[in-house]
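Enquirer: A single structure is presented below for examination.
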């Protein structure tokens with residue numbers, strides 16, 4: 001009797017964990033937040049005095065510990081929840097018109 005109860009509880013826990021993982025996976029796919037990383041086309045290097053060469057524009061130098069070279073990357077976080085849902089009329093008004 002105890003073995004059957006223990007086996008039933010194990011199965012119930014496995015099912016609960018599976019449902020939780022499925023829900024977490026679908027929730028992660030529906031997040032309306034976007035983090036983008038773009039390569040700026042240049043690299044950065046550590047100078048003999050310990051400082052790093054500058055990156056162009058809004059790019060920053062990212063490097064591994066102990067390495068003397070890195071990549072110039074631009075990072076941006078966009079939260080799409082701050083934008084309202086547009087109506088059809090607003091979409092039509094924002095559509096470019098041919099000349």
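Yeah, the Cβs are placed from backbone N, Cα and C, and that goes for glycine too.
Residues or ranges marked as signal peptide by Swiss-Prot: 1-28. Summarising the annotation, Swiss-Prot assigns disulfide bond to 40-59, 44-61, 55-72. The N-linked glycosylation site annotation in Swiss-Prot covers 43, 49, 58, 85.
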Enquirer: I'm trying to understand the geometry here, so how far is the Cα atom of residue 61 (disulfide bond) from the Cα atom of residue 43 (N-linked glycosylation site), in Å to the nearest whole number?
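Expert: A Cα-Cα distance of 8 Å.
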Enquirer: Enter the number of other CB atoms within 10 angstroms of the CB of residue 55 (disulfide bond).
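Expert: I count 20 other Cβ atoms within 10 Å of it.
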Enquirer: Given the recorded positions 49, 72, 85, which lie within 10 A of residue 59 (disulfide bond) by CA-CA distance?
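Expert: Correct set: 72.
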Enquirer: When you rank 49, 55, 58, 72, 85 by Cα distance to residue 40 (disulfide bond), which of the recorded positions ends up on top as the closest?
Expert: 72
Enquirer: Would you mind checking how many other C-beta atoms are within 10 angstroms of the C-beta on residue 44 (disulfide bond)?
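Expert: Around residue 44 (disulfide bond), other Cβ atoms within 10 Å: 21.
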Enquirer: Neighbour count first, Cβ atoms within 10 Å, every protein chain included; then name which of 43, 49, 58, 85 tops the list of glycosylation sites.
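Expert: Compared across 43, 49, 58, 85, the most Cβ atoms within 10 Å surround 43.
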Enquirer: Within 10 Å of residue 55 (disulfide bond) (Cα-Cα), which of the recorded positions 43, 44, 49, 85?
Expert: 43, 44
Enquirer: Do me a favour and check the Cα-Cα span between residue 72 (disulfide bond) and residue 49 (N-linked glycosylation site); whole Å is fine.
Expert: 20
Enquirer: Taking just the CA atoms, what is the gap between residue 58 (N-linked glycosylation site) and residue 44 (disulfide bond) in Å?
Expert: 14
Enquirer: If you measure residue 49 (N-linked glycosylation site) to residue 43 (N-linked glycosylation site) at Cα, how many Å is it?
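Expert: About 18 Å separates the two Cα atoms.
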